[in-house]
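*Asks:* Under the heading Zn(2+) binding site, Swiss-Prot lists His49, His51, Glu258.
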Amino acid sequence: MATKRKVIITCAPTGAIHTPSMSPYLPVTPQQIGDAALAAAKEGAAIIHLHARDPDDGHPTQDPAVFQEFLPRIKAECDAVINLTTGGSPHMTVAERLKPAHHFQPEVASLNMGSMNFGLYPMLERFKELKYDWERKHLENSRDLVFKNTFADIEYILTSCGANGTRFEFECYDISHLYNLAHFVDRGLAKPPFFVQSVFGLLGGIGAHPEDLAHMRRTADRLFGKDYVWSILGAGRNQIPLASIGVAQGSNARVGLEDSLWIEPGKLAESSAAQVRKIRQVIEGLSLDIATPAEAREMLQLKGAANTNF
């Protein structure tokens, strides 16, 4: 009897792109972030990708003290793999962005694979009533912002986090980012299996047409062969459609309110767990199985939760 392919669902419950005024369902406080992570894990997310926010006004923070308020609880109450951001926010320095990953030494950390324009300002057209002053600045300032991820930055993250046994979710927003990863593979600084998160539909990166997805996959196949584990992240309204196309073609999937506030056109998702449930239905509808956290650890060759610092 043929063995069904296992599909890893990653869930990103809060992130640093969206702001509290955009959705009443966006987790802000440590309690809310913890609740969202646990609910997503219960629905089948094997990996939880985490950012933190200031509990008073929801602005992104990389203060390890805030992460400390929810990480131990999540680890104690579920077996999901914890993936911490090193992207933080495009408005932060690399040193700021790395504080949580250096301190907590997670099994997985995200790693953005190239500097890029990171255009959030079009959201001002949809969301005109903003509660906090920082929200408008956060969006408007992205018109003249380069999200800095130089070769030196990437090398430093690879070596400093890698020394703690942390492996990476390589976030590739464009074709060039795949070539950047190949450069570090050639230098021996990135080891297989490579967990490649292909990101589609963010202004400044590759588009969200199925042909863009196909081009990403062909390029990754040519560069990495069988040495990579592929995952799809579609931004905004592209989340479920692109993840569905990808899963049908052999990818894993990432969902969550970090990446999209929507559950269907014009309807806000009431939780990241609802998005996990929706993509799980697609996966199981294709006669595939979702990967458990233990299976995800084996697929990605992770060090295990016992070897983290939280």
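Including glycine, each Cβ sits where the backbone N, Cα and C put it.
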*Asks:* Which residues in the same chain, at least 6 apart in sequence, have a Cβ under 8 Å from the Cβ of His49 (Zn(2+) binding site)?
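*Replies:* Set apart from His49 (Zn(2+) binding site) by at least 6 residues yet with Cβ under 8 Å, we have Thr10, Cys11, Ala12, Asn83, Leu84, Thr85, Ser110, Glu169, Arg254, Gly256, Glu258.
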*Asks:* Glu258 (Zn(2+) binding site) has how many other Cβ neighbours within 10 Å of its own Cβ?
*Replies:* 24
*Asks:* So around the Zn(2+) site, His49, His51, Glu258 aside, which residues have their CB within 8 A of the centroid of those CB atoms?
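*Replies:* Apart from His49, His51, Glu258, the close residues are Ala12, Pro13, Thr14, Gly15, Ala16, Leu50, Thr85, Ser110, Gly256.
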*Asks:* Long-range same-chain neighbours of His51 (Zn(2+) binding site), Cβ under 8 Å, sequence gap at least 6?
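*Replies:* His51 (Zn(2+) binding site) has long-range Cβ partners Ala12, Thr14, Gly15, Ala16, Pro60, Thr85, Gly88, Glu258.
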